[in-house]
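What TrEMBL records for 1-26 is region 'Disordered'. What TrEMBL lists as compositional bias 'Acidic residues' is 1-11. As annotated by TrEMBL, transmembrane segment applies to 38-58, 116-138, 144-166, 178-201, 207-225, 338-358, 364-384.
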Amino acid sequence: MEEDFEMDQQENEVRDQTQETDTAPQESVKTFAWRNIVAFWFLGLCNNFGYVVMLSAAHDILKQEEHQGNSTVAQSGFNKSNQYDCNPISTGAILLADILPALIVKMTAPYFIQSIHYSIKVAGVVLFGAASFLIVAFSHTVEISVIGVACASIASGLGELTFLGLTSFYHRSSVSAWSSGTGGAGVGGALSYAGLLQIGVSARNSLLIMLVVPFTLSISFWLILEKRWAKAVISSPVADRAPLLSESDGRPPPARQSGPNLSLAQKFQLVKPLVCKYMAPLFLVYVAEYFINQGLFELIFFRNIWLSHSEQYRWFQVIYQIGVFISRSSVSIVQIHALWLLAFFQFVNVGLFLLEVLHPFLPSIWIVFAMILWEGLLGGAAYVNTFYKMSKEIAEEHREFSLGVTSQADSCGIAVAGAIAIPVHNVLCSL
């Protein structure tokens with residue numbers, strides 16, 4: 001009997017040890033997954049925050065004046081000679097300054113940036129982001145402010161390229177977390193800027209407060225995110241790279257990357273199938289929505305209501321970003337495969353907003369708010385569904401490069417929208 005008891009005891013101990021080893025990896029997986037999801041959400045938030053703030057401040061930057069050594073937002077009166085109360089320069093000019101540097105980065109960097117250590121790339125994002133807030137905050141002229149806006153653009157473009165590529169080292173949920181964070185940046189950036197000015201904080205102090213954003217990005221990348229990227233950088237050539245984490249420890253191995261061992265010709269071959277399926281519809285959606293945002297928003301003006309012209313413009317941006325945030329955060333619930341349909345609906349919006357500018361027919365600003373919310377929903381859906389589809393459909397060894405290249409489509413669309421917005425502004429304001 002004693003021998004039987006001892007054998008039973010040993011079997012129980014073995015069973016307990018087996019259960020512990022079985023459950024430990026599961027707990028590890030959950031911990032690492034949530035840690036990375038949180039990190040990517042904040043990376044998306046911080047990366048796009050400055051870019052959004054500059055667009056929200058565009059109307060103010062073009063009206064800024066110097067009063068007693070402090071940069072303030074001028075509260076201009078109505079332009080009685082024109083129904084639009086026009087600025088001399090279109091907000092499309094700020095849009096171009098906010099996107100062209102990012103576009104240059106996105107068009108050139110994918111072909112060499114994979115050989116640069118992630119820490120160096122992220123440090124560049126942080127430095128350019130901080131510089132943008134400082135330069136615009138202390139600027140006395142529109143020209144200097146535009147340099148600050150360009151710094152925000154470089155930070156955003158380099159960050160999007162870096163962090164989208166980084167998602168390929170992690171679970172697919174990192175893409176939706178990143179997209180949700182960028183949507184949060186839209187709401188947070190537009191709402192914080194409009195809200196701070198609404199309660200009486202100066203434009204300069206509002207921008208200085210936002211220096212907390214690049215600091216938060218640093219914390220998210222270096223302290224919160226699991227450092228799979230650090231191990232990958234020092235490993236063997238990417239095509240032959242072994243999984244960073246074996247399946248035996250319970251964590252899913254990250255995807256292998258298309259690294260610098262691919263020739264330039266091979267990379268161009270990878271781009272071709274991306275154009276019609278992913279890049280073209282994303283490009284068209286962004287042309288339409290940013291033409292609305294930076295070409296038409298400033299010309300839609302309801303007089304004699306509780307909001308001034310500049311305040312209406314800021315809150316248009318807030319409502320738009322709320323729509324973007326909702327749709328970018330919903331990909332885990334609703335996936336949209338018909339990307340071209342989103343482009344069609346966005347161009348319908350262009351027609352409606354342009355009609356409102358030329359022949360005002362909407363009786364209330366609340367209807368405009370609803371239309372802008374719908375516009376934001378379409379734009380956010382196009383972005384997140386494009387990259388989510390790619391994360392499922394692109395081969396793992398090509399995913400990092402393909403995600404980075406496709407991110408050029410939205411920037412190209414925004415640049416085209418800015419180029420169109422300026423002459424349209426000039427024509428309408430000369431009427």
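One is the number of the first residue shown, and numbering goes on along the chain from there.
Cβ atoms are placed via backbone N, Cα and C, with glycine included.
The transmembrane segment (144-166) shares the most Cβ pairs under 8 Å with 38-58, out of the stretches 38-58, 178-201, 207-225, 364-384.
Per-stretch counts of Cβ pairs under 8 Å to the transmembrane segment (38-58) identify 178-201 as the leading one among 116-138, 178-201, 364-384. Residues 40-53, 55-57, 60, 73, 163-164, 167, 209-210, 311, 314-315, 317-318, 320-322, 324-329, 331, 376, 380, 383-384, 387-388 of the same chain lie 6 or more positions beyond the ends of the transmembrane segment (178-201) yet place their CB under 8 Å from a CB of it.
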